[in-house]
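Okay, structure first, notes after.
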Amino acid sequence: MTLFHLILVAVIQGLTEFLPVSSSGHLILLPELSGMADQGQVIDVAVHVGTLFAVVLYFRADVAVAVAGVGRLIRGRIDTPGAFLALCLLIATVPVMVVGLALNLTGLDQALRSMAVIGWTMLIFGIVLYWADQRGPVTRKAGAWTLRHAAIMGLWQALALIPGTSRSGITITGARLLGYGREDAAKLSMLMSIPTILASGGLLGVEVAAQADWALLKDAAIGAVFAFGAALLALTLMMRLLRTVSFTPYVIYRVCLGTILLIIAYS
């Protein structure tokens, strides 16, 4: 794997992981459209670790609160904001893990990795995001997250297992429909990404650990660093822009890309 290819994969993953445009969809399309070899699972795990560190750093105050509450949650007590937040995140993560395991066992996860599927999900869920963003009420703050809303957003998140859907895009869609403002919807979506990336990356990491050699580990470290930088930049810019700008620019991008992919897929 060349350094250019490695950096390209890391930057694409970093820039698209938290924007509502689907990082997995872009990474699947990269080898198909460019002719480059697939980056492999070790690099996949590495760039996800990089983006994980980025979101943890950006929302470090909220993460610290949740981590502080984990101990109380384990003891069956949810009498602090941290324990409640940790429980909400746990509940929101269960659906995607269950559905992800089912797709993996049946082989459907690989069957869905096609340009046509990505084109349709880019287009359809982009339009759904626009509809939710324009019509969704603004009646709640992230601090008023409930267990019921965490479960509902978790069900939305499970749809992100279809390539091209976008984990952040679909959870933001769900949050907007539940009444959360743009910044608060994005914040909840980003916090939900932490246990999801931890769980999926941890399982995949165990699978690929035996495959890695020192040269590959060096590439993985480089990929993680570049993914971290790109993700932190994208996350910072998006959260700032959401104070004054809607999700429409991302929707336009999704619709345009989805349309192009469908034309290519069916031509």
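Residue numbering: from 1, along the chain as shown.
Heads up, the Cβ atoms here are built off N, Cα and C, so glycines get one too.
The following features are taken from Swiss-Prot:
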TRANSMEM  1-21  transmembrane segment
TRANSMEM  49-69  transmembrane segment
TRANSMEM  83-103  transmembrane segment
TRANSMEM  111-131  transmembrane segment
TRANSMEM  190-210  transmembrane segment
TRANSMEM  219-239  transmembrane segment
TRANSMEM  245-265  transmembrane segment
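Same-chain residues lying 6+ beyond the ends of the transmembrane segment (219-239) with a Cβ under 8 Å from its Cβ atoms: 1, 3, 6-7, 9-11, 13-19, 42-43, 45-51, 53-55, 57-58, 183, 186-187, 190, 212. Counting Cβ pairs under 8 Å to the transmembrane segment (111-131), the top-ranked stretch among 49-69, 83-103, 245-265 is 245-265.
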